[in-house]
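> Pasting the relevant annotations from Swiss-Prot:
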MOD_RES   Ala2  N-acetylalanine
MOD_RES   Ser20  phosphoserine
COILED    20-60  coiled coil
MOD_RES   Ser31  phosphoserine
MOD_RES   Ser73  phosphoserine
DOMAIN    109-189  domain 'BAG'
Amino acid sequence: MAQAKISAKAHEGRFCRSSSMADRSSRLLESLDQLELRVEALRDAATAVEQEKEILLEMIHSIQNSQDMRQISDGEREELNLTANRLMGRTLTVEVSVETIRNPQQEESLKHATRIIDEVVSKFLDDLGNAKSHLMSLYSACSSEVPPGPVDQKFQSIVIGCALEDQKKIKRRLETLLRNIDNSDKAIKLLEHAKGAGSKSLQNTDGKFN
């Protein structure tokens, strides 16, 4: 009888300890789940800051190279450029880095995709029109929507092999490059139009004097 009571108490003790350990384990797991959500929120916030920095730099650069900037006095342009350079300098002081965890295959895919884009960018000065068409096909390869033009199937398979965060960064880089090309095209057309108007004005003036 005494032995039975001792055994029962020992069994009860083991049960209590086991139940207590399970509760602790459950609480710890719940805490880690909550921390994981906060970690992902932190990464998302840092990525958003990183993107905002890129957008700000692009906007400042766009203003400095805008047609409006060419059509003001030298003194005003110098003053505005000083302000733009100051803003750019302050923007560059913000350092944000979100490292992406990659396996060797994803690392290689990212290098391959980056190399392809860099090769297209290097041809901007030689043939901007062809480079833009090539960039459009690369961008279409990254789009989940029905592309308006041809898709670079080889590039698409390479991008699919990249980490998800890298896929988003590749798409953003292509968007930025295409916007810069469009802005350059507009600036060139406006400049040519201004030159053409100036040339006609001079011809009319010459005609009057003749």
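Using the three backbone atoms N, Cα and C, a Cβ is placed for every residue, glycine included.
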> What mean pLDDT does the predicted model reach across the domain 'BAG' (109-189)?
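Summing pLDDT over the domain 'BAG' (109-189) and dividing by its length gives 86.
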> Below 8 angstroms Cβ to Cβ, which residues of this chain, lying six or more residues outside the coiled coil (20-60), approach it?
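Result: 84, 87-88, 91-92, 94, 96-98, 165, 172, 176, 179-180.
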> Suppose we draw a 10 Å sphere around the Cβ of Ser31 (phosphoserine). How many other Cβ atoms does it contain, all chains included?
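Counting Cβ neighbours of Ser31 (phosphoserine) within 10 Å gives 10.
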> How many other Cβ atoms sit within 10 Å of the Cβ of Ser73 (phosphoserine)?
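For Ser73 (phosphoserine), the count of other Cβ atoms within 10 Å is 8.
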> Ser20 (phosphoserine) has how many other Cβ neighbours within 10 Å of its own Cβ?
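There are 10 such Cβ atoms around Ser20 (phosphoserine).
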> About how far apart, in whole Å, are the alpha carbons (Cα) of Ser20 (phosphoserine) and Ser73 (phosphoserine)?
78
> Go ahead and report the DSSP secondary structure tallies for the domain 'BAG' (109-189): helix first, then strand, then coil.
62 helix, 0 strand, 19 coil
> Looking only at C-alpha atoms, tell me how far Ser73 (phosphoserine) is from Ser31 (phosphoserine), rounded to the nearest Å.
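Checking the Cα atoms of Ser73 (phosphoserine) and Ser31 (phosphoserine) gives a distance of 62 Å.
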